[in-house]
Structure formats: C-alpha cells, structure tokens
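Worksheet: the structure to be examined is printed underneath.
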Amino acid sequence: MWIPMLSLTALPHVGGIFGGLITRKEVKTWYTTLNKPSWRPPNAAFPVAWTTLYTGMGYGSYLVWKELGGFTQDALLPLGLYGMQLALNWAWTPIFFGTHNIKLAMIEIVMLTGTVAATMVSWYPISRTATLLMVPYLAWLCLATSLNYCIWRDNPDPKKDD
C-alpha cells in the first residue's frame, strides 16, 4: 500500500512544480507591476502554503481511494470531482501568470472553489479525515479568490481601452 499512498499524495505536486516554473519568472516581472491589496500574503508564503495544501489533498485522495477499494464504480464521483478540481487548480497558474488574463483566472478560481466544496461534500460520507484535510485548502482558496478579485478590480484590462 505504500506505492498508491505515495503516488496519490505526490500527484498534486506535479502540477505545482510546472506552475512554479511559470510563476517564478512572472512574480519578479509582471506581478510586481500589478496593484495588490495590502493584506496579501508575502510571496514567500505561497510555496510553503501550496506544498502543505497539495500534500494534504493528495493524502486525502488516497484515503478515499483506499476506503472505496481503489478506482471502483463507487469512486467515480468522489475521485472524479477530485480530478476535476485538481485540473482546475493546475490550470489557474497558466491563466493568471502565463496569459495575464486576470478576469478569466477569476472565473476559473470561482469554479475551482465550488468544485473543491463539491469534492468535500462527496468525500464526507467516505472519510471525514480526508474531508478535514481539504478544509485548509478551501480556506486558502477563499483567500486566493478574494486576492484574485481585488487584483482584477484594481488593474483594468489595458486591451479594453483600445
């Protein structure tokens, strides 16, 4: 059981690593030009937070997978929702930092947050521990959604002025 546990726990980090490659350059260039709220976390907090959150959600997915006997018919909805939220999570960074499309990133993160909530609801009857491991993630997404909104609000799209 070590291989599935380690694999499912590590899986979210794959997208995080690729996202970090995009973010690394942009956070020093484009991101510094944006108007941001005073309450935003320091840049150094993001890699620490995401490492913790990815590990928690990954281990939670393992608990659900194990409880349902692997990738069974019963696992289709809870692990399907999990996969959907993971794909949405991985897509946010290229949208925001890669294409600088703050409005689309705002729409995307709202969809992500809703999908995480739906994942948690589907996990609760299966594993309360797995659900609780997602609580910090949902809280962080609420903060990130608020931050995305403020950045979108305070940085009008220059293309609209053309």
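In case you wondered, yes, glycine gets a Cβ from its N, Cα and C as well.
Given the structure is predicted, the values throughout are model-derived calculations rather than measurements.
The feature transmembrane segment is assigned by TrEMBL to 6-23 (among others).
Residues or ranges marked as transmembrane segment in TrEMBL: 44-65 (among others).
Under the heading transmembrane segment, TrEMBL lists 77-97 (among others). Beyond the transmembrane segment (77-97), the same-chain residues lying 6 or more positions past its ends with a Cβ under 8 Å from any Cβ of the stretch are 11-12, 15-16, 18-19, 22-23, 26-27, 30-31, 57, 61, 64-65, 68, 71, 104-105, 108-109, 111-112, 115-116, 118-119, 122-123, 126, 148.
Away from its own ends, the transmembrane segment (104-126) comes close to residues 60, 64, 67-68, 77-78, 81-82, 84-85, 88-89, 91-92, 95-96, 134-135, 137-138, 141-142, 144-145, 148-149, 152 of its chain (Cβ-Cβ under 8 Å, at least six residues beyond either end). The transmembrane segment feature in TrEMBL is assigned to 104-126 (among others).
The annotation transmembrane segment is assigned in TrEMBL to 132-152 (among others). Within the same chain, residues 34-37, 40-41, 49, 52-53, 56-57, 59-60, 63, 96, 102-103, 105-106, 109-110, 112-113, 116-117, 119-120, 123 sit at least 6 positions outside the transmembrane segment (132-152) and bring their C-beta atoms closer than 8 Å to a C-beta of that stretch.
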